[in-house]
Amino acid sequence: MNHNIDALVDALPSIWQGIVVTLELTVGGGLLAFVLAVVLGTVVRLRSLPVRFVARVLIEFFRGTSLVVQLFWLFYVLPLLGYQLDPVLCGILALGLNYGAYGAEVVRGALDAVPRGQIEAAVALNFSTVQRLRRVVFPQAWAMMIPSLGNLLIHLLKGTAFAMFITMQDLTASIVDLQKTTGSTLFSFGIGLLIYLVLAYAVSLLINLAEARAKHRLGRGPSLREVLSFRPTTDTVRGGASA
């Protein structure tokens, strides 16, 4: 056991660097996925059939093909066609395109869930399409889509482990190196399990805060300050008193 602890201490710089690479892929891939999800999820609802068709093809292609295969195409196949991409860029593109396609369906569903009467009221007020989306539809849809997008972001975080297949020294690669040093699979991958759990939990907390803020802006919950203060809200106190 002492040997394992000593090896872990020696491997801490490598593990930390792996965590940094994992976070870079998560942030970069998450941002790309979010932009792609919003664009495709919005475009797929437009009246133009050709535009909807292109958006639907992109969504189904990246949802229907394996993330690993997409990653291999970007890193191993594109160089054969004369295009050499940096491993980090390959990872971000593969993660962003794959999870962005899933996110597009989340965005589409949330936009469709906004009550039709509110959209008709915005039309009656002579709002343009952009104004309807920005002022009426998207603020409500945003609060509904945050939990599902948050789940996808956590999946994306765990999907960064595939980056080791394209020679990237991410967290999983660092844990594999630790296992080779210690010879203990249980100890090494137990450490990796705990680190991924902590990272995923941190992402989950951030998503919960974003959801609370979005709902408060719609008048449906406590403010972010009240959530962080861990104090009962006015509505909760009143509800308890009336009970």
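First residue shown is number 1, and so on along the chain.
From the backbone N, Cα and C atoms, a Cβ is placed for every residue, glycine too.
Annotation comment: TrEMBL describes 19-207 as domain 'ABC transmembrane type-1'. Under the heading transmembrane segment, TrEMBL lists 15-41, 53-75, 81-101, 141-166, 186-210.
Taking residue pairs at least 6 apart in sequence, the transmembrane segment (15-41) and the transmembrane segment (186-210) share three or more C-beta contacts under 8 angstroms.
Tertiary proximity for the transmembrane segment (141-166) is limited to same-chain residues at least six positions away from its ends with a CB under 8 Å from its CB atoms, namely 21-22, 25-26, 29-30, 33-34, 37, 67-68, 71-72, 75-76, 87, 90-91, 94-95, 98-99, 102-103, 106-107, 109-111, 113-114, 172-173, 176, 196, 199-200, 203-204, 207-208, 210-211, 214-215, 217-218, 220.
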